[in-house]
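Novice: Sharing a structure, written as structure tokens. Questions coming.
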Amino acid sequence: MEDFSEQQLFFMRRAIEIGEKGRITAPPNPWVGCVVVQENRIIGEGFHAYAGGPHAEELAIQNASMPISGSDVYVSLEPCSHFGSCPPCANLLIKHKVSRVFVALVDPDPKVAGQGIAMLRQAGIQVYVGIGESEAQASLQPYLYQRTHNFPWTILKSAASVDGQVADSQGKSQWITCPEARHDVGKLRAESQAILVGSRTVLSDDPWLTARQPQGMLYPKQPLRVVLDSRGSVPPTSKVFDKTSPTLYVTTERCPENYIKVLDSLDVPVLLTESTPSGVDLHKVYEYLAQKKILQVLVEGGTTLHTSLLKERFVNSLVLYSGPMILGDQKRPLVGVLGNLLESASPLTLKSSQILGNSLKVVWEISPQVFEPIRN
């Protein structure tokens, strides 16, 4: 393992930071940042903003204030080595005769997978790998997981009262948390490419499930709303079927044919699966999302869906918001019966906690040996 200086770590952390600017718009590509340094001074920066657009390295070179020959380049993910919508970034760095390249992470995508690093070294460029590795892994976690497992990273998000109730006695769950927490949820939605919701939540709250900025404006890229409804119980007039964001309706043979025709007239695509004891076939849903190269799935309820996903081991992370209220025993828990005894309960790792206004956000991660999905 290389020993890197604090200054070198600073430059890599800057590359990771600017890479986050593409977090919402870059998927299914990774949100990569690049910094060009000459004589310990940043002369160029760039990040990958959208699929099909210029890569971080190309933009950093374009934005450089002087020729970059002999410079050091810091990039949060291995430069690509293949021809796609853009030429290989490794070739670009070779062409501009950079001196050294610092890479936080090897790209697990089979199209790259160390080949970019090999190309640079074959051209006589010094390459150092692993600087800022943990920070880059945290930033690119959904991308890394999807490219490694060919499966989306799944976050179960919920808002609950201090005493753990996710809804009141009438089943209403909106406005449990403060505005600051709801703004954070809007960003979390924007960072996801799909939102899963069960029919009961739609019937109770009639949510939009759109990703909105604090000022109320929509984020430039909206997630796919995936409505799971095995019997056709969600009214076609529900807000999730409006044109603000794309929607996928998932159902079973129990759904009336006339209902599907109505959705067809609204241009809402329908995915038919076999019936299961918990409703729709979640494995078929995830197969569909994997085919669409969805990197991150956000689950927004309700209790039945949460329970099914945890039992089937689809959930990787929990994001829990606690609101400033006590609802009492409403029989509205976050999760239903899992059948766990204390000694066999899923181990969680606390990743972070944050005060948002008058609410508390806590992020937990389920241990890797637990969250590998059970494949049919």
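Glycine residues also receive a Cβ, built from the backbone N, Cα and C atoms like all the rest.
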Novice: Could you look at His55, His96 and say which one Swiss-Prot places alongside Cys80, Cys89 in the Zn(2+) site?
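Specialist: The candidate from His55, His96 that Swiss-Prot ties to Zn(2+) along with Cys80, Cys89 is His55.
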Novice: Rounded to the nearest Å, what's the C-alpha distance separating Glu57 (active site, proton donor) and Ala159 (NADP(+) binding site)? Just drop the number here, would you?
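Specialist: The Cα atom of Glu57 (active site, proton donor) is 40 Å away from the Cα atom of Ala159 (NADP(+) binding site).
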Novice: Given the binding-site residues Thr201, Thr303, Thr307, state which is nearest to Cys80 (Zn(2+) binding site) when distance is taken between Cα atoms.
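Specialist: Going through Thr201, Thr303, Thr307 one by one, the closest to Cys80 (Zn(2+) binding site) is Thr307.
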Novice: DSSP helix, strand and coil counts for the region 'Deaminase' (1-150)?
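Specialist: For the region 'Deaminase' (1-150), the helix, strand and coil counts are 55 helix, 25 strand, 70 coil.
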Novice: Measuring Cα to Cα, how many angstrom lie between Ala159 (NADP(+) binding site) and His55 (Zn(2+) binding site)?
Specialist: 37
Novice: Check the binding-site residues Cys80, Cys89, Ala159, Leu305 for other C-beta atoms within 10 angstroms of each C-beta and report the one with the most.
Specialist: Cys89
Novice: Among the binding-site residues Thr201, Ser230, Thr303, Thr307, which residue has the largest number of other Cβ atoms within 10 Å of its own Cβ?
Specialist: Thr201
